[in-house]
There are 2 protein chains.
Amino acid sequence: MKIKIGLLGLGTVGTGVYKLITSRGGHIRESTGVYPEIKKILVKNLNKPRKVKVEGLLTQNAEEILKDKEIKIVIEAIGGISPAYEYVKEALSSGKHVITANKELMAKHGEDLNETAKKNGVFLKCEASVGGAIPILHQIDRLKITDEIDFVGGIVNGTTNYILTQMSTKGKSYEEALKEAQQLGYAEANPDYDVKGFDSLYKLIILMRKVFNVNVPVNSIRRSGIDGIAREDLDYITEWGYKLKLFAWGKKIENGVFAGVEPVLVEESNILSRVNDVNNAVILKGDSFGEYVFVGKGAGELPTGDAVVADLIDILLNYNIKDNDAAKLLPVRQGSFTDTFYIRLKMHKGDILNLQKILNFFKREEALILESSYENDTFAAVIKLKTNIDVFVEKLNDKKIGELKAIFKVLQEDIDELQLKEFEDLVGVI
Amino acid sequence: MKIKIGLLGLGTVGTGVYKLITSRGGHIRESTGVYPEIKKILVKNLNKPRKVKVEGLLTQNAEEILKDKEIKIVIEAIGGISPAYEYVKEALSSGKHVITANKELMAKHGEDLNETAKKNGVFLKCEASVGGAIPILHQIDRLKITDEIDFVGGIVNGTTNYILTQMSTKGKSYEEALKEAQQLGYAEANPDYDVKGFDSLYKLIILMRKVFNVNVPVNSIRRSGIDGIAREDLDYITEWGYKLKLFAWGKKIENGVFAGVEPVLVEESNILSRVNDVNNAVILKGDSFGEYVFVGKGAGELPTGDAVVADLIDILLNYNIKDNDAAKLLPVRQGSFTDTFYIRLKMHKGDILNLQKILNFFKREEALILESSYENDTFAAVIKLKTNIDVFVEKLNDKKIGELKAIFKVLQEDIDELQLKEFEDLVGVI
C-alpha cells in the first residue's frame, strides 16, 4: 500500500523530512505495511538550488496540495502563523492528517486546530515542535494513562543553551557567543525568537497542553530571556559552582498551573548541568514512574526530520491513544519554585558603610547568605530566603540598599519539594 | 470491551502491575477502548498476607490461567528460567499475548520465544525487563525505522549504581554500601545477580537484540562486576574527579558486535556522572537523531508496573511495528572502546627504585600519565596508551613492574570516536 504526502516548505525541516522519507521509505513500508510517497512540495521559489532531488515535485500553489484528494497526509514545515495556520486548517478540514513542526502555530492555535482535527477524524501531530528529536509527546500520551504527571520542565531551546554553554565554559561575552551561534547557523539573524524565550515559551505551552490537558494563553506566562545576561553574573555563577540554564517549567496544582520561562542557576550535581550546547532535556514527574529525564539534540535537519517521521509512523500504524479529557483553560499563577536566589547589587560608589548596610539588612530579613562577593561597589550573592522574594526586593528598594542589577532563581534538585508561592515575582534580567 | 488477563506471580512486580491495572483500568479503557481485567493470579502460597485485595483471584495451579480460553493476555512476573519459560511458551503457543519483566528469560530464551510468538501471531513484550520504568524498547522499535543505531549502552542496574554512588559520595566501603542496599531492599540476600553484572548482562543482550537485530549468547560477552571494588581505588578515582559506573555497552560493526559489562571511570563532565543511586540511563546513537540519553528509575513496584502496563497499552492498541529482519547470530568481539585506563600497582616493598622503574617503563611504552599517585608502595594512575592494553599489561607482568591490582577503562565522552580494537582485554577487578 502507498500513501501520498504533501510537504509544505523545503527549508531545514522540510529538507530533513524529504531526505528521511525518500531514503527510508522501504524501511517504513516493511515496518508499517505502507509506503509513503511525497507527491508535491510547496516552495516559495521554484528555481532556488536545492540540496535534494525534487524535480517535478515543486509547486508554488498550496491549493495543488490542499485540494489534491490523493494526498492523505500534509506535513507543514513553513513555520510562523500565516499562511501556515490557514493551510493546516484547510488540510484538516478536508480530512487530511497533518504533521507540523511549528511550535508557534501549535502554541497559539493548537486548541482550535486540535478541535478541527477531532471533528474531521484525522490526526494532528507535532512531535517535532518540542524538544527537537526527543520523542517526548508520543511518550507523554502513554505515560498519562498510568500516571498523574504534575511537573514538566527542562531545557527546550538549543540556541540559548549553546550561548550559555559558551559563556560559562569559554568565558565569552553574550555578544560574542550569540555571534558565534549565528555563524554556526544555530541562531537567526534576528535572534529575539530564541534569546527572549519565545521559542521556549511556545514549547512549554505545547508540553503543558499535552501533559496537564490545559490550554494556557501565550501571554499569561512569565517569560524572561537570556539577552542582556551580563558576563560578570556568569563569572560569579561559575565561580560558585553553578551553571546558568534557560529553564521552562510548569507545575500543575488543583485549579491552575504555575509556570515560567527564565534563566536559573543549576547546581553541579544536577543532571541539567551536564546538558550542554544545542542539547535539550525534558523532565517529567509522575506518581508511578517517578522522574524521567530525556536528553537529545534540540534541532537540526535530520533530528527534527526524525521526529516528523515518528509522527508519520504513528499515523500509518493508526496509533491512537484517545484523550477524553478536553483541555481546560486554567489560570496561570505567578510563583517561584525556590527560596534560593542569586542577586547582584550595584552599590553607591565609595560608601564604605555599604557592605555593613547590606549585611544588616539581610540579617534583619533572615536571608541566609550561601555565597557572596563584594568588590568594586558590586555585591553579588546566593541567598536563601524565609520571606517572599517580592517583599524582599520591595524592601531592598525601599531601603535604597544599592541598585538591583540581576536576580535569578536557583533550581532545587528535588522539584517535588518546591515551595510554590503565589506572588508576582520580579526574577529575571533587570 | 473487556479483556481478561492472567497474572503469574504477585511479588514486587506483580503487585505493582495489579495496583496499576486496577487503579487505572478506567483510564486504560478511555484511552484504548478496552477495559483490562485481571481474572486470575498464580501464587505459590494462597495464605500469605498481600498488600492488595485479591480475594477469589489467587490460584496455585498455572493451568487455570494457561488453559483458560477467556484469558487473552498473560503477564509473567515470576522471574527465573523455570517454570517461567514453560509457562510463557505454553501461553504463546495457545495464542495468548505475553508481557514479561523477566530479563534472564528474555536474554537466554528470547530468540526461541520471539519465534513462538511470531508463529502464533501474538505479541511478546518485555519493556519492564530493561531499564525499569524507562520506556526504551518501545522507543527503539520506532527509531530503528529511520535510523541506523550502532551504539547502545548505559547504566542499567540500579543496585550496583546505588552501591557505587554510596561508595564515592559517602566514603563507604563496598561491604557497607552493599549491606545498606540490602537493608533498603535494593539488593537481594544473595547479591551476585546484581553485583557480578549478570543483571546488566541480560539487559544488554535484550537491548542488543532489539537495537541491532542480533542474538548474542550470554556467555560470549565479557562481564566484570563491582564485587571486590577496593575502597582505595574509589579514593583515587574520586580524587581525580571521576565517577565509577557499571557500564553495559554494545557497538555494532559490519560483521559482529563489540560488547561488554564492566566498571568504567566516567568524567565529571559526562552526563552519566550525574546518574546516581538507583537511577538508570540508556544511551542510543543513531545516524539521524544523533544521541539520546534516557534517564529514569531502574526498579521499584510502580515504575516497573508502569513499564508492564505500557506494553499492555501497546497490545490493546495493536501497536505493531514489524521487524522483518530476523535476528542474526553474530560473533562478539572482545575489544576496548578507549585508550585511557585507570591502573593500580602494588610495588615490592621498600624498593626505592620502584617509581623510577615504573616511569621508565611507561615512557618506553609511550603511555601518557594523566593522573598519578605513589604512596605506601602503591602506584595508581590514569594513563593514555598508544599501544594495545593487553600487550601493555603483558609487558608489565614480564618486566615484573609491580603487581597489577586493578585496571578499569575510562569512558570517553564521544563514543563515536572510540577506537575499537580487537583483542582479549584484561580490564576489570583483578
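Heads up, the Cβ atoms here are built off N, Cα and C, so glycines get one too.
Database features (TrEMBL):
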- A:Leu8, A:Gly9, A:Leu10, A:Gly11, A:Thr12, A:Val13, A:Gly14, A:Thr15: NADP(+) binding site (BINDING)
- A:9-122: domain 'Aspartate/homoserine dehydrogenase NAD-binding' (DOMAIN)
- A:Lys103: NADPH binding site (BINDING)
- A:135-313: domain 'Homoserine dehydrogenase catalytic' (DOMAIN)
- A:Glu188: L-homoserine binding site (BINDING)
- A:Lys203: active site, proton donor (ACT_SITE)
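A map of TrEMBL features onto the structure.
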residue  : record                    : Cβ neighbours (10 Å)
A:Leu8   : NADP(+) binding site      : 26
A:Gly9   : NADP(+) binding site      : 22
A:Leu10  : NADP(+) binding site      : 24
A:Thr12  : NADP(+) binding site      : 19
A:Val13  : NADP(+) binding site      : 26
A:Gly14  : NADP(+) binding site      : 29
A:Thr15  : NADP(+) binding site      : 22
A:Lys103 : NADPH binding site        : 25
A:Glu188 : L-homoserine binding site : 13
A:Lys203 : active site, proton donor : 27
Restricting to the same chain and to sequence separations of six or more, state which residues have a Cβ under 8 Å from that of A:Gly11 (NADP(+) binding site). A:Ala77, A:Ile78, A:Gly79
Using the recorded NADP(+) site (A:Leu8, A:Gly9, A:Leu10, A:Gly11, A:Thr12, A:Val13, A:Gly14, A:Thr15) as reference, state which further residues of the same chain have their Cβ within 8 Å of the centre of those residues' Cβ atoms, listed in sequence order. A:Leu7, A:Gly16, A:Val17, A:Tyr18, A:Ala77, A:Ile78
What is the nearest of the binding-site residues A:Leu8, A:Leu10, A:Val13, A:Lys103, A:Glu188 to the residue listed as 'active site, proton donor', using the Cα of each? A:Lys103
From the Cα of the residue listed as 'L-homoserine binding site' across to the Cα of A:Thr15 (NADP(+) binding site), what is the distance in angstrom? 18
Confidence summary for the domain 'Aspartate/homoserine dehydrogenase NAD-binding' (A:9-122), mean pLDDT rounded: 96
Cα of A:Val13 (NADP(+) binding site) to Cα of the residue listed as 'L-homoserine binding site': how many Å, rounded? 15
List the Cα distance (Å, whole number) between A:Leu8 (NADP(+) binding site) and the residue listed as 'L-homoserine binding site'. 21
Assigned conformation of A:Leu8 (NADP(+) binding site) - DSSP reduced to three states: strand
What Cα-Cα separation, expressed in whole Å, is found between A:Gly9 (NADP(+) binding site) and the residue listed as 'NADPH binding site'? 15
Using Cα positions only, nearest of the binding-site residues to A:Glu188 (L-homoserine binding site) (A:Leu10, A:Thr12, A:Gly14, A:Lys103): A:Thr12
State the three-class DSSP label for A:Val13 (NADP(+) binding site), counting H, G and I as helix, E and B as strand, and everything else as coil. helix
Name the secondary structure element type, per DSSP in three states, that contains A:Lys203 (active site, proton donor). helix
